[in-house]
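J.: The signal peptide annotation in TrEMBL covers 1-15. Annotation comment: TrEMBL describes 204-617 as domain 'Peptidase S53'. Residues annotated as active site, charge relay system in TrEMBL: 282, 286, 533. Taken from TrEMBL, the feature Ca(2+) binding site covers 576, 577, 595, 597.
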Ligand SMILES: *[C@@H]1O[C@H](CO)[C@@H](O)[C@H](O)[C@H]1NC(C)=O
Ligand SMILES: *[C@@H]1O[C@H](CO)[C@@H](O)[C@H](O)[C@H]1NC(C)=O
Ligand SMILES: *[C@@H]1O[C@H](CO)[C@@H](O)[C@H](O)[C@H]1NC(C)=O
Ligand SMILES: *[C@@H]1O[C@H](CO)[C@@H](O)[C@H](O)[C@H]1NC(C)=O
């Protein structure tokens, strides 16, 4: 549930008489496709929830804590926190809070009219082009003295993911939410003949091409029992067992008959009633490459999240990975996340809180546009990624496939709304969260060999990248981003307001890997697939094998990698990508360049170099 903590409305009602009401949150524009249709009925019941502010979750505190265990120069590198220590450190508002008793009360349903007077707002019904309806307000207020203790109230200004809820199996676009089916890989063509030779990697990417490109040779992992690699999929997206075998027959005979370890979350099921590229493309791509690249010796865990009725989003995964997130760290929002137990009698009748021990590396190829979500919602979730980092977990996200535009190539308008004709860049979340590692896409250039430098991906998809509108720049990337801006964006080539030019906002992605021409078995045949969807699990596989080497030496997993990979020593272990752009929103986007760039990040991994450095690291 949303806030681990819920404020009783009664508390607010009482408080309102004690202090002036101040605006707590405001939306500047409606999300794309929505319009206001009427006032909400006065007697309609609103399930109001209040998310309380957690201590110690400001970005600076989180960054300091993470640097202590993740910065290569820290004497405490690798001294990750136990889940209990994380829960204790971030426990919301402890004992001495004057309103503790009332704050502890759970969510209360209130008639609209009462909710409106409590929050000094007006609720309206909005309708999406698809016919879906949603109840929201434009802004709301809280008593001044309550404001410091409340982070988020729902339902209020947040929108969007209601589209991903029920009925998601019936429509193409909502398959495998979150992110409205958007960081989905793209299928462009069937394959008649698979090329197994390395001189065709410009036309077809296979596991052998990736191994050659990234110096990624690690055939015999040793610490497979202690090690783990999690791939995340959202129901109804599902892998097809026969496709894994078809792929294995061609590329990894040791994996014929092998399946990922299923870790079902909130009723997650590998459904086999709907079969098409939309339903199977992402899962098949992720698992075929992840399982092959980490070798048949290392099991891969599949986090299959959400039942068939409700679906799920990132917060549902986080609930299962960290029980304190369900109960006191943020939890779920009825608009954006699946709410379990599922009210649908056919759905999952429990909520999975802290049921899964997180894998050492977790790769996800789904994403939202920042603008789909409120700053408070993204901040809460981003803090949770930081907590997983403290626990030693590496979180990898694909950075999006539309360059500087968002999912479905939507861009922002100056008022913050999204449209296809917008000219303002539309960053991708969670890649813009400073506590995840965002992965962009590269390509082997046409007619080039694996020995030639790659470019930013320029075919079918473009690497998601740019500057966050929500998150400030973390310390680890300040120097390299300042250099990029000085050398490439001074003066800015675009009109003011096109993107955050300050140099003080989070730049993404962090790194990249090939995202073009993947040979993928889907629904009984091989096709060519494109996307940062491919890049993320490939990077995750390399990091998993680095963990293997460290675990075999009695060292800790690499955990949150960003402070390490941006350090001068590790930066040299990436192949700098200096050509290609990430167009979108009527522009050519940004250009890859020497050093860091918001197209391909630091570049693609050189596994052998990274392994050598990480083995020596404490
Ligand atoms: C490889 O893929 C093809 C389909 O392209 C399939 O016919 C064949 O059985 C697979 N296995 C091997 C070993 O070639
Ligand atoms: C489809 O999935 C169900 C539920 O997981 C399983 O019992 C059944 O064997 C599967 N059918 C096929 C043809 O794979
Ligand atoms: C690649 O080589 C083919 C055959 O030599 C040629 O027709 C094509 O124009 C080349 N493409 C590029 C992008 O250089
Ligand atoms: C740019 O980002 C920084 C850091 O997040 C923020 O303080 C600033 O207000 C942003 N500038 C604009 C014009 O949005």
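Cβ from N, Cα, C; glycine included.
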J.: In the same chain, outside 576, 577, 595, 597, whose C-beta lies within 8 angstroms of the Cβ mean position for the Ca(2+) site?
T.: 578, 592, 593, 594, 596, 600, 601, 602, 603
J.: Out of 282, 286, 533, point to the one nearest residue 595 (Ca(2+) binding site) in space (Cα versus Cα); all of them are active-site residues in the record.
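T.: Nearest listed residue in space: 533.
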J.: Based on Cα distances to residue 577 (Ca(2+) binding site), point out the closest of the active-site residues 282, 286, 533.
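T.: Considering only the listed active-site residues, the nearest one is 533.
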J.: What is the average pLDDT across the domain 'Peptidase S53' (204-617)?
T.: 96
J.: In the three-state scheme derived from DSSP, which category covers residue 576 (Ca(2+) binding site)?
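T.: The three-state answer is coil.
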J.: Over all shown protein chains, what is the count of other CB atoms within 10 A of the CB belonging to residue 576 (Ca(2+) binding site)?
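T.: Result for residue 576 (Ca(2+) binding site): 18 other Cβ atoms within 10 Å.
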J.: Report, in whole Å, the straight Cα-to-Cα distance of residue 533 (active site, charge relay system) from residue 576 (Ca(2+) binding site).
T.: 21
J.: Under 8 Å Cβ-Cβ from residue 286 (active site, charge relay system), six or more apart in the same chain: what's there?
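T.: Residue 286 (active site, charge relay system) has long-range Cβ partners 231, 233, 363, 365, 533, 536, 537.
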J.: For residue 282 (active site, charge relay system) and residue 597 (Ca(2+) binding site), determine the Cα separation and express it in whole Å.
T.: 27
J.: Here are the recorded positions: 282, 577, 595. Which has the lowest count of other Cβ atoms within 10 Å?
T.: 595
J.: Neighbour count first, Cβ atoms within 10 Å, every protein chain included; then name which of 533, 597 tops the list of recorded positions.
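T.: It comes out as 597.
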J.: Can you see whether DSSP assigns residue 282 (active site, charge relay system) to helix, strand or coil?
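T.: DSSP assigns residue 282 (active site, charge relay system) to helix.
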